Every structure is written in structure tokens, then in C-alpha cells.
Amino acid sequence: MKRFLLIFTAFLTLSSVSFSQTVGLVLSGGGAKGIAHIGIIQALEENNVPIDYIAGTSMGAIVGALYAMGYTPAEMIELIKSDDFASWSTGKMEEKYIYYFKKPDQTPEFASFKIGLKDSSKITPHFLPKSLINPLPMNLAFMRIFAPYTAQSGGNFNNLFVPFRAVASDVYHKRPVIFEKGDLGDAVRASMSFPFVFKPIEIDSVLLYDGGIYNNFPIDVMKKDFNPDIIIGSNVSSNPEKPKEDNLMAQIENMVMQKTDYKIKEEDGILIDFNLKEYNLLDFPKADQIFKIGYDKAVSMMDSIKSRIPRELPSETRKLQRMVFKSKTPELLFEDISIKGGNHSQQNYIRKQFQLDENKLLDQEDVKQSYYKLLSDSKISDLIPHAVYDEESGNFKLLLNAKLEDNIAIGLGGYISSGNTNQIYLGAKYRTLSLYSLDFDLNGQFGRSYNTGLASARFELPGTIPMYLKFIGVVSKKKYYESEKLFQIEESPTFITQSENYVKLRMGLPFLTNAKTEVTLGYGYLYDKYYQSNTVDYSQIQADRSSYRLAMGSLRFEKNTLNSFMFPVTGNRVSVIGEAVYGREMFRPSDPNLHTEKATHSWLQLSGTYDQYFNTAPKFTLGVRSEIVVSSKNFFSNYTATIIQAPAFTPTPHSKMVFNEAFRANQYIAAGILPIWKIINNLQLRTELYGFVPFFEIKQGKNNQPYYGRFMNSFKYMGEIALVYDLPFASISIYTNHYSYPKKNWNFGIGLGLLLYNPKFLE
């Protein structure tokens, strides 16, 4: 009975609106500056000012839609400060949803040309991203947030908690588009899709962009559709200023944004205007500051607002109205899936990832995990979900509009440096999305110091437990020079050349979400050319040669959420590898008077790596890295052969280019700290400091024979400072570093591109 009286009271209150003063709230676009709108709504509610209608553009449409759905200002701020909002507003997937099992191996590719098999003349270059912010997290978030209210209102925005309008732009027909019905998430998504920043959304075969292009302050929409007695307008934006030649964003803004009249006639209502030029479009982390600005401004104007709006809506009544409205909102549970795009086999593959069971409904978390799992292998260029409500069952049907990547891609990449390491990367990929999800890769790197080729094939095995088989074949040759001096290319012979030819077969299994386990069997032929003394004239004598025919088996566990393989600033990586190796060594000395030596070797090795980056302050990140290797591996035929084949600690790009015997050992522990100052977006000043302690240092004895030093009796260190700028496709770095061995080992250099070698036989 009590519940009936409450609902009846709310009904009488709602009905009375028809016979009293009505109030419309209009919210401008403006990106993160639009958080000030929430502050205004908070002040209005605290002072019992009613809001009967709401209309908005861009960020104003987001805030307006949330309020129209019954969100309180506190709930809106909570959403904007959440990890979920941070994910879709920046385009970055939440770390816990990155499905590492499906991610392809990384390469130094920074540009690709994709070719469709259906039309081989269709070649699409991919150099820069299609939008500044990846739309895929946003696609899912908008469905999750708005779909229940689309269902509740029956797609009629007049039936929301507060009647609502959103404005988008049809740039083809050069006109604004007003949303009064349809999918609420699509309406808001279209309204805030600023060109180049967010990918546009297609509705009824028309691409729709940010409503601010034609109408950033929809006073006219409010008057035409609702005709309230009085309008409160909140404006956080302004017309674009005259662009300067060095400000690309201002130039784009002037090209796409038409002039908007941000005034309200005195007889129409009240304008709350802001000057928020110190905040930019994506300053969402400053939500509390911007909210307070909006709240304080509205409070300062409250006397004049209430003098024109005598009608009040008590807070208890508003709270009751929200409770009644939200009690009718259906829970987002899915009973069926329908897929548009791709062929029958591809649709079955997509459907399989959601693991829909007749006896179990999918909740939001189930859908989110499966959605990100699908996107992890980069075979789907776009995946747009919609939720269609079934009134009979009270559940939803998940509609997925999938746009698949072209099957074939040609990749270009490489690395240019001020020393000997200059690489060109060429790659070709063939991808299929089907029951077996086949991947074929061919790539090569060509340069003065490193040449390699790789062929691989991976296919997923159908079954209850996800699993893949992968075949890999690699040939490579790495040359090490005496030095890596700034802008000096060595013309003398190399003092070490390492060649590897091997094949491997891997079986991979997922481990939770961010990790995977791999079992590997492999066979390789390794061939080293080297000089056993660094005091000889390399051009006058022949090099010694050691070759190895090895069989190996390994078990590997790896977790990786780092945002970059060269210069990460977020995420973590854990890798543990256990290896068993057996094979034969053959040593051919350069001296014809000495005999060839042969030996059989076998050993076990366990290695582990841990990287973690902590965002300790808005502009500061602290990274830590540790590495340990424990092995039963013994000596090869001489000291140089042993040290060349010993595991190496190479945490920086430069340390991978050079050969430094002080940071090689059969057993060692190493650790370092990485203070990183993020100067501006994409620009970081990176410091890396490492210590290296071999359990038993490999020393050079008489006749170049190796022997072990005392336990943990050696300590070496390296340090590097680098200024790094991350482009959308590569990195530019200027660095200086120092190694404790040999003495006075300082290096300076410049690098452009991506440096990543193909994996070695023994990892």
C-alpha cells in the first residue's frame, strides 16, 4: 500500500507539470569542459529547480542523455572518473581484458598495405590510425550504458526520465540531424564523433559526425520540439579562434566547425557562460576541477535563476520519480546473438567466442570479455554491438555488425640509427577468421649488421579448450662490430658473426586473460665466426668457427600488458621459461695446424623476467625490471665460444645492438629502476639504471680456456638517459649511455623507427 501511495504521489507531481511553468536545459558541446554541465545540474537540483526537458550536442549530449536516463550528478561524475570511461574516452582497452593468447607476435612494422582477396585491385594503405581514439572500447561501452534505457523508452526519447534531444551532423548533405527516437547510444555516439578524433557512426547508410559542426548549442531544437516557458543554457564552448600555422587542431576546427550563436534572448531564458580555455577536449582526468567550476558558477547565479523560475521540485519528489523510473529499467541480459558481416564460417567463429548456452544468459561482463577476446587478434577492423529488447522474455538479443580486415597485408618498417644498426623490414601476412583461424606470416629484415627471414603458420584447434599450433622457421645472421660510435659506420671486418637456422613447433594455451602457456619443440643449426683476441688485425687473419646442432624442448609462461615493446610506460610483463637442450658442438680453429674438436652437450635452463610500470604521479612513472637465469650449461671449446653462446642481459635497444661480454653469463641476476618523466603527450625523458651480477663470472684463462670465478664476486652496471617521442607508428629517440665495462664506455646516438629482432633459437 505504501509503494502504491508513493507512485501515486509521483504521478500527481508529474501530471502537474502540464499546468505549471516548464523548464528546458540546453547543454553545449566542448569535450571534457562539458563536465561543468554536471556541476550546474547539481546546483539546480540542490535548489529544487526543475528540469523538464533537456537537449545537448557532443559532450552536452552525453551529459543530457545520462540525466535523461535518471542518473544523478553524483552517478555521472562517478562514471566519468571510472576506469570504464577512461578506457573508451582514450580508446585504450582495460588491461584485464587484453586477451594475450590471441595477440599476434610483435614486429617492427609501422606501415601496412592491405589487399582484399575479393578485389585484388583494392589496396588500402594503413600508415596513420583512422581516428585519434580507437572506437572499439566506446562501441561496447555505449551499448552497455544506453541500451537498457532505449528498451525502457521504446526508442522514444520523450519517454525517458526527462524528454531528451541530441544533435549530430550529416556532412554529406550539410545539415544537422536531430535525434528524438531510435537507439539512444547511437544518437549520443553520433553527436560526439568529432572528426579525426572519433570515428563517425553510420546510421541509415549515412555517416554522422559531431553535432557541433552545425549546431553546438541547440537552443532552437529545444524551442521547436518542447517550447518550454524558460530555457537555461549552459555554454562551455566558443567559436574557433583564428588559426595559426603551427596549430593543426585549430586549423581542423576552423575547417569543420561552423559559427554558432551562443546567446539566449532575454525573453527565452538564462545563459550560464564559461571561459574554460585552459582545459582541452580530453581533460577528463580533471573532472573534479571542472565540475566545481560549473557548480560554483550556477550557485553564484542562483538568485537570478530562482527569480525567473518560481516553481520548485522538492528533492524527495525528484528522488521518488527517479526510483519509479529506474524500477522499470530492464537488466541487460542476452539470450541470443545475431551477426552481420563476414561469411557463414566467420560468423560461426565469432559466435563461438561468446559461448552462449541455452541454459544460461550472458550478462554484461560475459559479453565484455568475449568482445575484447575477439578484438585481440586484430582480424576485425570494427565490431559494433547493439542490444535489441524482447518484451516477451524481458531479455535482449545481441546484434554484432562485424567489419573484417582484408586477408592479405604487406608491412613496411625498420630502424634507422646513427651507428651500424640500420634495418629495413618487409613482411607479408595472410589472415583468415574461421573455425581454425589460420595465420601465415613471412618477414625479412635487411641491414648492415643484421639480416633475417621468418616463416610461420598458426592455426587454432577447435574444441572446448582454446589451443593453437604454430610452426616457425627462422634464418638469421647478426654481426657485431668493435664499436657503435655516433655517425660512424665500421669498415673493418666484424669481430663476431652469429648465424642461426632453426625450426620450431609450438602448442599454445591461454592462462586466464592476460597470459598464455607455450610448449615448444625445436631443432637448430647455430654457426659462430669469431676472433679469440681483440688485439689482432682482423683483416689479416682468419676467424675461428664453432657450430652447434641442437634439439630443444621448452615450457613457457608469459603475461604481457606493456603498451610498447621498445619504450613502455604502462603495464607489466612476466615471463618464465624452462628449457632442456641437447646437441653437438664442432670447433674449427683458423690455424690449419690445429685439429677440429667435437663435443656433446646437454643442459637445463630456467629463466624469468619481470617488468612493471607504476604511475606514481600524473607526469611521472616508475618502472622496475628484473631478470634471472639459472642453468646447468657448461663451457664450450674455448672462452670466446662460451661467452658468445651465454645468455645475455640486454634491457635497452642499444644493448641489443652491441656485444658486451661483461653482461653475459650462464647464471645471473639483474635488476633495474626506470624513472620516466612524461613531459607532454608522447614525449618522455627516460632514465634506465641496471645492475648485473653473475652467479659465477665466466673468465678467460690460459690458452683462451674458460673458467668460473668466485660466487657472486662480480658486479657490472649500465645506465641510459633517452629523450623519446612516440609517433603513431614509430619512435624517435636521442640517447646517451654508459657501461661499466670496458672502461670509459660512453655512447651517444639517435634512433628512428622500431628495433625488434626475430626470436633466437634459445630464448
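Each Cβ is built from the backbone N, Cα and C atoms, and glycine gets one as well.
Sequence annotations record features per position, and here TrEMBL assigns signal peptide to 1-20.
Taken from TrEMBL, the feature domain 'PNPLA' applies to 25-223.
According to TrEMBL, the motif 'GXGXXG' annotation covers 29-34. Under DSSP, the residues of the motif 'GXGXXG' (29-34) split into helix, strand and coil as follows: 4 helix, 0 strand, 2 coil.
Here the motif 'GXSXG' (56-60) has Cβ contacts under 8 Å with residues 26-35, 37, 165-167, 191-192, 194, 210-212, 215-218, 234, 236 of the same chain, all six or more residues outside its ends. Residues annotated as motif 'GXSXG' in TrEMBL: 56-60.
In the three-state DSSP scheme, S58 (active site, nucleophile) is classed as coil. Using a 10 Å radius centred on the Cβ of S58 (active site, nucleophile) and all shown protein chains, the other Cβ atoms total 32. Among the features that TrEMBL reports, active site, nucleophile is placed at S58.
For D210 (active site, proton acceptor), the Cβ neighbour count at a 10 Å cut-off comes to 28, with all displayed protein chains included. If you look up TrEMBL, you'll see D210 marked as active site, proton acceptor.
Of the recorded residues, S58 (active site, nucleophile) and D210 (active site, proton acceptor) place their C-alpha atoms 6 Å from one another.
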